[in-house]
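Undergrad: Found this in Swiss-Prot, in case it helps:
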type	residues	note
TOPO_DOM	1-13	topological domain 'Cytoplasmic'
TRANSMEM	14-34	transmembrane segment
TOPO_DOM	35-42	topological domain 'Periplasmic'
TRANSMEM	43-63	transmembrane segment
TOPO_DOM	64-76	topological domain 'Cytoplasmic'
TRANSMEM	77-97	transmembrane segment
TOPO_DOM	98-103	topological domain 'Periplasmic'
TRANSMEM	104-124	transmembrane segment
TOPO_DOM	125-133	topological domain 'Cytoplasmic'
TRANSMEM	134-154	transmembrane segment
TRANSMEM	156-175	transmembrane segment
TOPO_DOM	176-190	topological domain 'Cytoplasmic'
TRANSMEM	191-211	transmembrane segment
TOPO_DOM	212-217	topological domain 'Periplasmic'
TRANSMEM	218-238	transmembrane segment
TOPO_DOM	239-255	topological domain 'Cytoplasmic'
Amino acid sequence: MNPIKPPFTLNQYFAAWFVHVFTASAACIGVFSLYKIYQHDYVFALWLMAITVFIDAVDGSLARLVHVKSVLPKIDGALLDNIVDYLNYVITPCFFLLVKPGMLPADYVVPITAAITITSAYQFCQDDAKTPDHFFKGFPCYWNITVFYMYIFNTSMIVNTVLLSLFCVLIFIPVKYVYPSRLDYLTESRVLKILMHCCSALYGISSFCLLVNYPETNKLWVSLSLGYVGMYLFLSFYRTYYPMFKAKITANNKD
């Protein structure tokens, strides 16, 4: 009688577990970033926060590459990702806002951070927070990136208050925000997908350089970093509303 072979090789199991541990490592780094914020070492904390963003940016692609759902079906990678992301994208930047002087007016620190945590909890628990066609529905809780820009550009407390309040509201507005690592439904063009990935990489490099050069700011890196943000928002609103306008025009033409 031939022994029953496992459905996957040892290397496949190792690769799948590695990806899950890689994702979970971002939670560990997130705790260290909280510690650095507590020590008022804000630049170091931002570096650690940047590492968690990098991990989040690539772990999904790695998971699909090694087929983690098939190899480890009893491990919920999406749940793990949400747990880690809520720490790094919500709790850590809220702690930054609470600890760092000058980020928010004293009377607004607690209400704003409370609003962020509650609205973000709503965002994370929606069934369609990530839509079937791979977009984020509503503002995708980029609070860590928001705090990064506020710190780098030393924006005023009033500006910070207005922006953070606006983003809390945008969580409830069903705009489809681009999922940078899942571009299949954004465009069918292979060239445009490659171009988008290149732009994302360039954004990472420019943001890296902004942090390296802090407190000095270089116009090139500022332009590239904010230019990507502008492009991201344009594509998100275009992808949300253009199909609606197109369908309405088509319906009117038929009438």
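We number each residue from 1, going along the chain as drawn.
Yeah, the Cβs are placed from backbone N, Cα and C, and that goes for glycine too.
Note that the coordinates shown come from a computational prediction; the quantities given were computed from them, not determined experimentally.
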Undergrad: List, by number or range, the same-chain residues at least 6 past the topological domain 'Periplasmic' (35-42) whose CB is under 8 A from its CB atoms?
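TA: Those are 48, 92, 95-96, 99-100, 151, in sequence order.
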Undergrad: Mark yes when the transmembrane segment (156-175) and the transmembrane segment (104-124) have three or more Cβ pairs under 8 Å (sequence separation 6 or more) and no when they do not.
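TA: Between the transmembrane segment (104-124) and the transmembrane segment (156-175), contact is present.
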Undergrad: Which stretch, 14-34, 77-97, 134-154, 156-175, 218-238, tops the Cβ pairs under 8 Å count with the transmembrane segment (191-211)?
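TA: Of the candidates 14-34, 77-97, 134-154, 156-175, 218-238, 218-238 scores highest.
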Undergrad: Look over the recorded stretches 14-34, 134-154, 156-175, 218-238 and say which has the most C-beta pairs under 8 A to the transmembrane segment (77-97).
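TA: The stretch I would name here is 14-34.
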Undergrad: In the topological domain 'Periplasmic' (98-103), how many residues does DSSP call helix, how many strand, and how many coil?
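TA: The topological domain 'Periplasmic' (98-103) comes out at 2 helix, 0 strand, 4 coil.
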Undergrad: What else in the chain is close to the topological domain 'Periplasmic' (212-217), if you only count residues 6 or more beyond its ends and a Cβ gap under 8 Å?
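TA: Residues 43, 152-153.
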Undergrad: Averaged over the whole of the topological domain 'Periplasmic' (35-42), what is the pLDDT?
TA: 98
Undergrad: Below 8 angstroms Cβ to Cβ, which residues of this chain, lying six or more residues outside the topological domain 'Periplasmic' (98-103), approach it?
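TA: Non-local partners: 37-38, 40, 42, 109, 113, 147, 150-151, 157, 160.
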Undergrad: Give me the DSSP three-state residue breakdown of the topological domain 'Cytoplasmic' (125-133), ordered helix, strand, coil.
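TA: Output for the topological domain 'Cytoplasmic' (125-133) reads 1 helix, 1 strand, 7 coil.
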